[in-house]
């Protein structure tokens, strides 16, 4: 509709492909291709093998995958609870206080993740709360990082919520707790699951803060991928990366199914 | 009112305990190392070091350059998907969504295979020309980081832009075009003003994410490219110099939060 002449249209599409394919499609294809190869120094990978995958799905790698999944699950559930609570509480407050809360909860996005990692490491290596060396420090760091995103997307959804529903429920005598549980939260459910998916994906791929504070017995998958590529095992690292991407996508798919079920109600 | 404030208290307490208090400790450590009195000596030491100044400079030019690249590229690609649609444009939009859920270091990992010293591009070059080594040696320079950042963060610009474009009434485009306006003019006078708030908001987000990016730089494994987050990691974990790391962290936070705050104020003024 913007471009009418056939020639220009094709020229625009050609330029789109020339930019899009090498920049966005190629990297993912390359990682996928490399994960099945042992050698790659010309146009196609060579030495086909599935050995990287059998290594990537047992022992240390399998443990790292479970570590990542548990960390991401815990972090996104806590972040969703805290973020939703904060967003709901902020929505009921006067505009100026709400602005302050908005700024406060969005701040972790602007602060570098590495610094969040350093700060949590410094704070919880000393009394009163000692978390350094435990899995909880990793989970705490991930939770802090993703809570900002949960808060942002839930508070955006609250703004779009039609107040007529809760007013109707309240006018029929429903108590605030009942309105929250039976009216507001069900209406927010699609945004809540979307936020949960976002938090989960972010936590699965988190590397910066994790590098600062992971204990040796709680190594998430991205750290293992870095360790593999750092010692030159790029192909094994690719297989681990494919495992990470697949696990993330599977969980996101499951989460999006909750959303479609909710939207039918 | 008091009850409502009390309801907001639990999440705020958690945020203070796990985020603000740790940040304050970092500031305190940067001014007052475990042994010794409060002084600005750590700052003087860090500012005087060449590594810090180089990292500061690299961070400060790389992030706006990557942001500019993302905005231009993202605007063009979103424009084509929305207004010059082709078969499969929807699939491309879906692919962008998927792309967003992957970690940034995957891009660097892929680039190592494509442009690395023994990677695809150089391998092809040496096969064709018979030369001893290929011409693509930019991966361990800031240009490699720039390419990776533009690749990774462009989808962050495209998705909100596509959402903004879907609200745009196509009748406006038809009207402009039937009045004889050509495509560049329609883009400039109809589409761009409509997309400006989204561009401003995304630009500020991507700028901050680029300033704070760590995975991409870590994976290039280049000693030649050090950004502020990389320096924080190096000082704290590799050198165990915590006061130094805290100083760099404070500088990094001031730059990132300052720029982010500035952009939020500016884009609010602009009506975003």
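Glycine too: its Cβ is placed from the backbone N, Cα and C atoms.
Bear in mind that TrEMBL entries carry predicted annotations, made automatically and left uncurated.
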Feature transmembrane segment in TrEMBL, mapped to one of the ranges B:138-158, B:159-179: B:138-158
Feature contact check the transmembrane segment (B:98-118) with the transmembrane segment (B:242-263), CB under 8 Å, 3 or more pairs: no
Same-chain residues at least 6 beyond the ends of the transmembrane segment (B:195-222) whose Cβ lies under 8 Å from its Cβ atoms: 59, 62-64, 66-67, 70-71, 74-75, 103-105, 107-109, 112, 139-141, 144-145, 148-149, 152-153, 156-157, 160-161, 163-165, 228-230, 233, 252, 255-256, 259-260, 263-264, 266-267, 270-272
